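Student: Could you have a look at this structure, given as structure tokens, before my questions?
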């Protein structure tokens, strides 16, 4: 079961039933599963088949430069360390941090030697900013707020803003940082006990949002969209920063639309869905994963090329999951191991077109990287696909034999079938930062960073889709494996423990964030963003709240941010 791109972002009351093709039905799955597959997104895609807006006049380079300079000046002349930290936090949450990377790094470097204060909000904010940007930050700075028993002082309960700041910081803790483990439990309890309706509106809004989803776990592009509105309500916001964020969001959204049009054109020309009536037609959903992983404008090629690979992955997943017989799946896997066009001749007709699409798309990416960096990377890309096929085949054999794996067996295999290794290895080469002969060797074996992110993705997918898959008679998922191992009979308890496992995996992932490594920061962030996107996509799947994801998709791809006609700004 591939997870990247598998969940429908749109809910429909009349799902479209794919039409079967003439080749024989699968002995691996029953064709009845096809009838519950989500509808294609042709209607949604058609809404952006033409440009949706004219570029506003305020996107002229001189206006953007004026806004950049105004924000930069304000950042460098801020009145106090806490004001500077708050401004950095806002810049990054608004999605324009890449414009001020040098200035932010210089300022954060100064904060390393900043004397800590008795202000809980400032201490927690400093810790979070440093750690989130891969600067050294030690959790013992919170010791001054704890009593001799290692518990946070009861007097802190009155400082709700400080509690909120500490709560957000605690989500960047590692598994060995007892102060942050205690901080999460203490602040969560305190914030939940507060009477939110009695709080000031601004504070209650922030508390509710944090308890629903802490900042560290949010998808950056979606956070930028939501925070632009929040920031506009702040009485002390920075006018040039706010306008810059709005204009930048709309400009990047327009770029995303153009990329999606290019992807849809490629997908139609490829013709896999026309030839394979059982295959999913979801280029939009595949693209949304890449927006979650790397939304920045300079990663345009990465999004386009990775979307292509994910779209092909979904078709391969459908062959393994719903259509191919076990003997044919063995042939398919062997052909991919050989990786040559002659191997294709032994395949059934419906597999040949998919094999050719995979072969050509992968080699095209390899050629692109060869021209850019002088490195031959096809063997590395090919390896991710071979591993994927072998993991799919393992899952097919489990299903045919009725074998229920242990949770560890399931997760080890599920990270691969979920597409994490394929997606992140491709991303590493496509982003290009730090790609050289030395760093290429870090892709073999797969980094722990990738494995942890992939496990989080796998578990969130199961929480979001397990009930539907159980109805189809799919392979046992992590919830079932865990319940079987621990002899749990209550489904809700099984789900609770899976969520606890996800939280534990995040502490390990945070450990990778601060561990000394030659891994480029771009791929570290991509790994974190993959896990974040999984939570956004799947966290409400078991609660039947898919419409909330639908709204998020509309906000990210289709609906620009509107604002009053621009007036001259007083730039500080």
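Each residue, glycine too, has its Cβ placed from N, Cα and C.
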Student: Which range, 307-311, 312-316, 317-321, does Swiss-Prot list as motif 'DDXXD motif'?
Tutor: 317-321
Student: Tally every other Cβ atom lying within 10 Å of the Cβ atom of residue 317 (Mg(2+) 1 binding site).
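Tutor: Its Cβ has 23 other Cβ atoms within 10 Å.
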Student: Per DSSP, how many helix, strand and coil residues does the motif 'DDXXD motif' (317-321) have?
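Tutor: Here the numbers are 5 helix, 0 strand, 0 coil.
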